Amino acid sequence: MDSELVFLPPLRRVAICGGTHGNELTGVHVVRERLREEQRKAEEEEDDVVSVACVLTNPRAVQQCRRYTETDLNRCFTRAILSSAVSDRTPYEIVRSQELNSLLGPKGSAQAIDLVCDLHNTTANMGLCVIAYSDSDWFCLHIFKYLQHHMSDVPVRYIHFDLPCREAYSLDSLGKHGFALEIGPQPHGVVRSNIYTFMKTAVELTLEWVRLFNSGTVFEGGSVEVYTMVSNIDYPRERHTHNIMAVIHPKLQDQDFCLLHPNDPMFQTFSGDTLRYKGPEPLYAFFINECAYYEKGIALSLARRRCVAIPTIQMKSGLQHRGEEGTSEED
Amino acid sequence: MSSNHVVTFNQARRVAIFGGTHGNEMSGVTLVNLWMGNGGEIRRKGVETKPFITNPKAVEKCSRYVDTDLNRAFTAENLSAPGGKDLPYEVQRAQEINRMFGPKGSADAYDVIFDLHNTTSNMGCTLILESSKDHFNLQMMSYIKKAIAPASCPVLLNEDPRLKYATVRSVAKHSVGLEVGPQPQGVLRSNIFEAMRIILKHALDFIELFNEGVEFPPCTVDVFKVSERMDYPRDANGNIIAMVHPNLQDCDWEPLTPGDPMFQTFDGKTIPYEGVGAVYPTFINEAAYYEKQQAFVTTRREALAANAIRKV
């Protein structure tokens, strides 16, 4: 694919979102700081290359410093939930997801914002991850390549959740293109300065890429490594209480993106016994010991890794974004 | 009191181990649940050791508290407040715990209570005392420190009436806080869990030896004495406008001298520490303390003399 040049429409409208989970504080403060900067610069510059909206998506959860108030906002963006009837008993986050759909969408329509970048933290030792539903959205993959190239102090990886558009449930699926920026390790409810600085840089680089792209820069293709999520593994639990009976093994704790081989230590029971990975193939472990996933029954996630070829791309105005089906002009 | 004087105490007959005082501090919750199922590990001759979940509703929600912080609730006013089921959950709970393990200040109170906590701060295994004059506790600290050497466990002394608070463990005659970190709230890390377990093992060994009649000779215990609470810089709405500086983050127990970086604003400026003399900060960037207006506390080092102790 090296010599192939793919033309893509510009990304004129971008949203930077934080506080989708109210206790993931990096995004909250990156968005607040950008809003403060915008206020300071208000009269000076009109940006005609790209217009950036900064949004605190779950203000009630942010105010309470909780992941969510009634239900996880970042699971409320399926078509079914976005079109469901609303009453005064509707959970806050569902009302909010529909408001955000009006603001940034409607999802799947021509009016939807071009790019959504949703900022998250994890307690897992994952470094910086670009998380997207597609492994063929050239915008997401090129932005990832750009971040990886320019950020040398933190590992940067691409995680692909292989879900068809109609099943996409997260905020970033509102835009024509979108991804989550996930960075850790950071406890929820805490802001670590190094993590904040990495995320702020990642957002600035993302917008820098968009400006360069919209101004006609050619971005060379190549090959990128993609981790495609395969399965989740829950903690061993007691039958009646459902309480966890073992903890992530000390050899696996903090080893996100290590290759877990069959028979490698995975959990340690409270009496010190080792429980081992019994899957049929070696897989890459990530989201190891993410706090919010205890209630979702996930101790760790597993992925396959492969190289994906990406084409050289350049902006061409007058083209339409292909929205749901992807952005490549060839099938 | 001359240091030659041997201080005698009654046998420690009843010891409690509290977990879940904050429902999202997982090591204590897990250890106490484990020992409630099978208490063999915490059994010692001559003493009843009772594991107990102090805030079960908060544990079930995996939140720090339901209505109010249980570990601030043991004031005289709360413990005697009328109102029964109309009281905040944790105040009701405080009254119940005071009945079961106290009454606070009386001869019937439990001899020792260990209260198990986690922190997001890089504090290692910290032991927390509320009095510099409890020779039984000081000797226990000395014993534990020797037992785990060369690993260390800092001892934090919080005795300043402006800064100390009415803890759940204050119901007992001898109260010991265990604070182990760093661990995110809601997360269970194997290394943190095992570290807490080992500290408790040594603490219970000490009690068993004491009950057998062993005399512990005079000793000196190095402690960090809480001096001042430092909040984040905030704007008019109370939102923080700076973060713990990367040079200070994770540097619990290391000296902080005037001029050293302390906070970093969101647009990158450094705010230095401007106190008098070197201090030893701790509880640096504890998640639960953002709402309590505390970025870290400063401490000063002190050597406390402990008299010899022996069972009566």
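Glycine is no exception: its Cβ is also placed from the backbone N, Cα and C atoms.
As annotated by TrEMBL, domain 'Succinylglutamate desuccinylase/Aspartoacylase catalytic' applies to B:12-207. Residues annotated as Zn(2+) binding site in TrEMBL: B:H22, B:E25, B:H117. Annotation comment: TrEMBL describes B:R64, B:E179, B:Y289 as N-acetyl-L-aspartate binding site. Annotated substrate binding site per TrEMBL: B:N71, B:R72, B:Y165, B:A166, B:T167, B:V168, B:R169, in sequence order. The active site, proton donor/acceptor annotation in TrEMBL covers B:E179. Per TrEMBL, the feature domain 'AstE/AspA barrel-sandwich hybrid' maps to B:220-300.
TrEMBL feature annotations superimposed on the structure.
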residue	record	contacts (Cβ under 8 Å, 6+ apart)
B:R64	N-acetyl-L-aspartate binding site	B:H22, B:G23, B:N24, B:E25, B:A58, B:Q185, B:A288
B:N71	substrate binding site	B:T21, B:H22, B:D115, B:Y165, B:T167, B:V168
B:R72	substrate binding site	B:Y165, B:A166, B:T167
B:H117	Zn(2+) binding site	B:T21, B:H22, B:E25, B:G28, B:G177, B:L178, B:E179, B:V180
B:R169	substrate binding site	B:F18, B:I113, B:F114, B:D115, B:S175, B:V176, B:G177
B:Y289	N-acetyl-L-aspartate binding site	B:F283, B:A295
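Across the annotated binding residues for substrate (B:N71, B:R72, B:Y165, B:A166, B:T167, B:V168, B:R169), the two most widely spaced Cα atoms sit 11 Å apart.
Neighbour counts of Cβ atoms within 10 Å were compared for the binding-site residues B:A166, B:T167, and the top value is held by B:T167. Remark: of the binding-site residues B:H22, B:E25, B:Y165, B:E179, the most isolated position is B:Y165 (fewest other Cβ atoms within 10 Å of its Cβ). Same-chain residues with CB within 8 A of the center of the B:R64, B:E179, B:Y289 CB atoms, the N-acetyl-L-aspartate site residues themselves not counted, are B:H22, B:E25, B:H117, B:T119, B:T120, B:F283, B:E286, B:A287, B:A288. Sequence-ordered, the extra residues of this chain that approach the substrate site, with Cβ no more than 8 Å from the Cβ center of B:N71, B:R72, B:Y165, B:A166, B:T167, B:V168, B:R169, are B:T21, B:D69, B:L70, B:A73, B:F74, B:D115, B:S170. Using a 10 Å radius centred on the Cβ of B:V168 (substrate binding site) and all shown protein chains, the other Cβ atoms total 29.
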